[in-house]
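Heads up, the thing below is written out as structure tokens.
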Amino acid sequence: MKIAIYGQYYQNSTEPIIKDIFAFFNSNNVEMVIEENFLNMLYEKQLVKKDYKTFPSNSALDNSFEMLISIGGDGTILRAAAFVRNSGVPLLGINAGRLGFLAKVQKENIDILLQYVINQNYTTSERTLLGLTCEPFNEAFKELNFAMNEVTVSRKDTTSMITVETYLNNEYLNSYWADGLIISTPTGSTGYSLSCGGPILTPDVKSLVITPIAPHNLTARPLVIPDDTEITLRVTGREDQYLVSLDSRISSVQNESVLKIKKTDYKIKMVEIPGETFLKTLRNKLLWGEDKRN
């Protein structure tokens, strides 16, 4: 069995998690291939001393891997998706962060859950990705032009609102006068969109969510649309540029550029461990049922 390992930041709280993962897989003769920057950081911290194979930080994995394990929070998983792309290699998130809707494996029961991996006692779920094209062409979106959580447009270098002219399948929807606009997948519905008043979608729902950020018109509410919709955006504002973010990757775009957003023809696979369901995660992370009056 060959497993890719990726992590982004090193904190003292992650040290026992990293040690447990490496000790477990080494004792079970699992071949680990580590993202090169993460491995260098582990060498610097003297957490590992053994030589390991690496994979580069700017390329995709091939399908020879059983899975990619992400050590960190949800942000780390979103970055890890860039290594997976359309390879079909599933992602497993081990939560060394805080909230963790995607990184569901908790450090308290890590040995049991890693044994599920060894025994291949897991399933996978598919997550929709959003692809982005920009006219005129923007170099920033040449390769990593997809998002697992959301595509967001927002104002830049100004406190003034922007206007986001929005079309669905070439039919005019609205011109949002707001701080920005979020186009979210079901996976991203528990992220930025949720904090702006958007609904929660279960991962298997075939829909997207359009959520305005602090709209001037309070009747501009979040909208759920079919996931086969092509969304076209044209942004104007007082500044010459605005910001476009694909999950955690952010770039400046010229006003009047045309953005086209639609789901990609491939999906990301997420590893689902027995007992760690989406509904259980919702209850635990959002503290549903904690009010004893219920």
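Positions of Cβ are set from backbone N, Cα and C atoms, glycine also.
Going by Swiss-Prot, these are the annotated features:
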- Asp74: active site, proton acceptor (ACT_SITE)
- Asp74, Gly75, Arg79, Asn149, Glu150, Asp179, Thr190, Gly191, Tyr192, Ser193, Leu194, Ser195, Ala214: NAD(+) binding site (BINDING)
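Feature map: annotations from Swiss-Prot on the structure.
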residue : record                       : DSSP (3 states)
Asp74   : active site, proton acceptor : helix
Arg79   : NAD(+) binding site          : helix
Glu150  : NAD(+) binding site          : strand
Thr190  : NAD(+) binding site          : helix
Ala214  : NAD(+) binding site          : coil
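Under 8 Å, Cβ to Cβ, and six or more positions away along its own chain, Glu150 (NAD(+) binding site) finds Leu130, Ile182, Ile183, Ser184, Thr185, Gly188, Gly191, Tyr192, Ser193, Ser245, Asp247. Rounded to a whole number, the distance between the Cα atoms of the residue listed as 'active site, proton acceptor' and Leu194 (NAD(+) binding site) is 15 Å. All protein chains considered, the CB of the residue listed as 'active site, proton acceptor' has 26 other CB atoms within 10 Å. Counting only the Cα atoms, the space from Thr190 (NAD(+) binding site) to the residue listed as 'active site, proton acceptor' is about 11 angstrom. Long-range Cβ contacts of Ala214 (NAD(+) binding site) within its own chain (separation 6+, distance under 8 Å): Met161, Ala178, Asp179, Gly180, Cys196.
Among the residues Asp74, Gly75, Arg79, Asn149, Glu150, Asp179, Thr190, Gly191, Tyr192, Ser193, Leu194, Ser195, Ala214 said to bind NAD(+), no two Cα atoms are farther apart than 27 Å.
Within 10 Å of the C-beta of Leu194 (NAD(+) binding site) we count 20 further C-beta atoms, all protein chains included. Using a 10 Å Cβ-Cβ cutoff, Tyr192 (NAD(+) binding site) registers 19 neighbours. In this structure, the binding-site residues Arg79, Thr190 were compared by how many other Cβ atoms lie within 10 Å of their Cβ, and the smallest count belongs to Arg79.
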